[in-house]
Amino acid sequence: MNIFLVIHELINQADQVNVTLTNHVGAYIGAGMAMTAAAGVGVGQGFASGLCATALARNPELLPKIQLFWIVGSAIAESSAIYGLIIAFILIFVAR
């Protein structure tokens, strides 16, 4: 009778360890997926900056208008990267 209680306790402990390990792995995978936002933002921002530089080379007199849209667009793009970073930090440090 006691051996069954010991086996039951061992199974419960092993099950708790696997759940904890699964939670950590899931949190790290989720954090990595959230940080792919930064890669996408970098590509998009580089593309937009290149087009702004091309527009300024063609029409230098439009500097104030292009610069305004360039800065606002960069700020909007960076906000999504910052949100991805915050989500990654929450998953890594809070979801334990």
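Just so it is clear, glycine is given a Cβ too, placed from its N, Cα and C backbone atoms.
Marked as transmembrane segment by Swiss-Prot on the basis of sequence analysis: 24-44 (among others).
Summarising the annotation, Swiss-Prot assigns transmembrane segment to 75-95 (among others).
Following the DSSP three-state reduction, the secondary structure of Glu78 (site 'Reversibly protonated during proton transport') is helix. The site 'Reversibly protonated during proton transport' annotation in Swiss-Prot covers Glu78 and is backed by sequence analysis.
Counting same-chain residues at least six beyond the ends of the transmembrane segment (75-95), those with a Cβ under 8 angstroms from any Cβ of the stretch are 23, 26-28, 30-32, 34-38, 41-42, 44-45, 48. Neighbour list (Glu78 (site 'Reversibly protonated during proton transport'), Cβ cut-off 8 Å, at least 6 residues apart, same chain): Val41, Gln45.
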